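Trainee: Per Swiss-Prot, the features are:
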{"type": "BINDING", "residues": "G73, L78, V124, E125, R139", "note": "S-adenosyl-L-methionine binding site"}
Amino acid sequence: MLNKLSRLLDEAGISLTDHQKNQLVAYVGLLDKWNKAYNLTSVRDPNEMLVRHILDSIIVAPYLQGSRFIDVGTGPGLPGIPLAIVCPESHFTLLDSLGKRVRFLRQVQHELKLDNVTPVQSRVEAFPAEPPFDGVISRAFASLNDMVSWCHHLPAANGHFYALKGLAQKEEMESLPEGYDIVEVIELHVPRLEGERHLVVIKPKSS
């Protein structure tokens, strides 16, 4: 699996240390193991996880600004865990409301010795952002409107929302509530992943 990951990283033009590669492979191993009992992801094949979970997460790393991020609705740690591995100088709060997912995240944190993640069990609207975050990341929300509505209290004044989407639909972007601007829509190229992938970057107008 390490060889396959290395080939995928080469295709994506991503350079990582051997330690980071080993951590990513170990994460996939833990996800595969826990998934059998806890149903953390619909992706069952570890090789498919490399593309749909690992590569699809870390491909956004170059576009993140700041050092404190929160991954809302992280599930089994996506994209937060892979991003924490490839961005060791940044800190990632991993927020999810389900206890089984947060237990898994704490096990990953322990086994991979990740000191730059904080798993938290909470609903997003009940989570106090003190201090607020440089970036709010998610691939869990059905719409951009939902994301900024539920997470409005999380970013700093100059912070950003980073929404990982399939299609970047014009109607969805035009329906953002007042007070938010689309900064950029980035087309992502994930090797061996079918379908379109986009990163939509949003900021509060106050910034």
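In case you wondered, yes, glycine gets a Cβ from its N, Cα and C as well.
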Trainee: So, in DSSP terms, is L78 (S-adenosyl-L-methionine binding site) helix, strand, or coil?
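Mentor: DSSP assigns L78 (S-adenosyl-L-methionine binding site) to coil.
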Trainee: Would you pick out, from the binding-site residues G73, L78, V124, E125, R139, the residue whose Cβ has the largest number of other Cβ atoms within 10 Å?
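Mentor: In terms of Cβ crowding, the pick is L78.
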Trainee: Compare all C-alpha positions of G73, L78, V124, E125, R139, the record's S-adenosyl-L-methionine binders, and send over the largest distance in angstrom.
Mentor: 20
